[in-house]
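Here is what Swiss-Prot records for this protein:
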{"type": "BINDING", "residues": "His126, His130, His136", "note": "Zn(2+) binding site"}
Amino acid sequence: MPQSPIPTTEVIIAADCWQDQPDAEDVIHRAILAAAERVDAEVGDAEIAVMLTDDAGIRTLNSNWRGIDKPTNVLSFPALQPTGPRGDDDAPRMLGDIAIAYETMRREADEEQKPFDHHLSHLTVHGFLHLIGYDHESDAEAEEMEALETEILAHLGVPDPYADRERLD
């Protein structure tokens, strides 16, 4: 039987503010599935943890891990995996963690006049791509990552999140 392309995804609700978004977990699972299928990543045997937190929680993470003492919308923490064969072929490998901040995400969605679920899909796809090695440190990397995000989101019925700003040249 072929392996599922979607990693096992555990969604952890770490802040009560997420309680008014009962569909958040389904949105996250759909976004990760769409991203994994599009990039044809071999992640079906992997695990991801997605923590739904608040601005205070993500500010602490951002400060501790990046030295930036302010909240942000999403953080990704790729797991460091050995490049050789694993010792236990039956044990799932950890792909990494994603943290998403409710208040920052809500504010951005409101400011950009986009549905909350669309913005959650975008941040989930963005975080997943970081876990599998994509980045946006250079203009070329950003252009590649944004184009991939836009393509994945289109399959989910989410409009291009970058349409209202100039593309990088």
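The backbone N, Cα and C atoms fix where each Cβ goes, and this holds for glycine too.
Within the same chain, residues at least six positions away from His130 (Zn(2+) binding site) with a Cβ under 8 Å of its Cβ are Ser76, Pro78, Gly96, Ile98. Sequence-distant contacts (6 or more apart, same chain, Cβ under 8 Å) of His136 (Zn(2+) binding site) comprise Ala142, Met145, Glu146. His136 (Zn(2+) binding site) carries neither a helix nor a strand DSSP state and counts as coil.
Taking Cβ-Cβ distances under 8 Å and a sequence gap of 6 or more within the same chain, the neighbours of His126 (Zn(2+) binding site) are Val74, Ser76, Met145, Glu149. Note: the Zn(2+) site is recorded as His126, His130, His136; in the same chain, Val74, Ser76, Gly127, Leu129, Tyr134, Asp135, Met145, Glu149 also have Cβ atoms within 8 Å of that site's Cβ centroid.
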